[in-house]
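Student: Below is the structure I would like to discuss, written out as structure tokens.
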């Protein structure tokens, strides 16, 4: 209530509230508030999105650099402990195994104790959110600390557990973007709508990839391919701007910390530029993308990974551990993986002393290992030599080719087993390294077949196995994730673009084969977790054009008239469990007006009474006998379908509008109501028709 104050030495002539007048220095506070409003208007004149996208990129770059710094220190501590134990084999085994066991158990226990949403990659859940389905508390800021601490411990396990950080960083970036969106809403005073939130989440996915590899362009394209079925061009600049800020800051921090002299590629290579490959080698690059390398092997990996995830949920022992004792499950898996990779045993033949980054650096080596290994005076050093990482792959008893083959065979099932561990972890980097090993093996094999190079037009050009490793990494990771941007990611990571044509060709061939047989790695996880995600129609021959909405949408549901009162609303709410109800103009016309949420009807029932007019005063009668249309918020219908709309058209509309439900209407009014799960069931029935017995 405003009150005029008399002019005097202690009072202001401006009207103010009674509570405001008792606060100290009212005039100074009004002046400061006015200055802040002026600054806000000047800063937001170019749009507030720029500032929040910049902060998103910088924050994620700082987190990525700090995490890499911490992980490197933890890995160095593990190496120091293992080295200082000398020749005590038992103590060395205990140090090699107990270190990742303790870290994996702590990662699982700490993250799961705070929130169950912190485990795994995070990309499948984010894909579900971007389709219009909101997963409760998945983007809550309280998950941030659990994800950061758990992921740091996971990466500190090293190549023993063989997991990465791309997926969790996309999740972390999404949480920061959602939190910044709430701050922007409070600062600008605008209403926070779902469109704005989705724009920030798409940009956040690009930032998550860019701040891991320092690759902004491929980060944007990868996020579009993985996250979105339809992408709005107006969001393009948001992803590029934020990803560029994040990648630039991430590489700049490496220079400031004296890790590098200037901003360079993360895995810089030294392939020959003048003649990187010969034309006949194109056949081998194509073979690398087919069954010889990435294509069919990716389909087998996707199938086995999905089967393994389902098996650990069905098996009584593993299901019990995952339900009640998740840290114990992670410890047992880490014990098995660490025992296999123990360097004096089987790990001696798998380059197990190398970290994930050293694995990739060695596989991209421009030298031919088959030629180098012919030197009889070679001996593996006692410690890893950073200048001769290829020696970790050299073992005279099985040769270079045997080491690479054993690495591929063992890491195939070890990676599948590691994906079942319920702790924060990414799976893109292990897949990328695995593909590089495939390419390296093929390249060394080609160099063995042509030891003096391929002769073309009178000149002899030597084989570069590192180029095959680059193509294998891009092709295999692209086929597993069903993306093509991994080719560009490989170029940005290595600073090498001389192999652009063969690498792109290998990625295309591998994708064509993988998409024919299996869903992507992330879609397979969605299937196993049974997330409410609308699947894609992968084939045009399942008859999706001949099925109409009236064949799969629900014709039996409760409808409320706009003039419904307390008794009718109470009857509908207590007799059904729907989350929302269609509202029609009247019971006779059935003209659709909108939808009302169940929570809104519950609040209506709590604030209204079923009272007779004689029991209430006249002024209370209107409140007690208010109708639904007068006292409830009716939401408009975004998606209305015709009874003759085909399944294929309905699927495209659900994906484009990111809707979770739609309503079928005709001249006679509302007829059927459909949800995303009904559309999903209809697609699955067409893809896998049930046989009559």
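If you go along the chain as it appears here, the first residue is 1 and each next one adds 1.
Any Cβ shown, glycine's included, is placed from N, Cα and C.
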Student: Given 588-608, 609-629, 630-650, which one carries TrEMBL's region 'Disordered' label?
Tutor: 609-629
Student: According to TrEMBL, which of these ranges is transmembrane segment: 30-49, 50-69, 70-89?
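Tutor: Comparing 30-49, 50-69, 70-89 with TrEMBL, transmembrane segment matches 50-69.
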Student: Kindly point out the range from 376-397, 398-419, 530-551, 552-573 that TrEMBL annotates with transmembrane segment.
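Tutor: That would be 398-419, per the transmembrane segment entry in TrEMBL.
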Student: Of the ranges 166-190, 466-490, which one does TrEMBL list as transmembrane segment?
Tutor: 466-490
Student: State, in range form, which of 236-256, 328-346, 398-419, 431-454 has the highest count of Cβ pairs under 8 Å to the transmembrane segment (283-307).
Tutor: 431-454
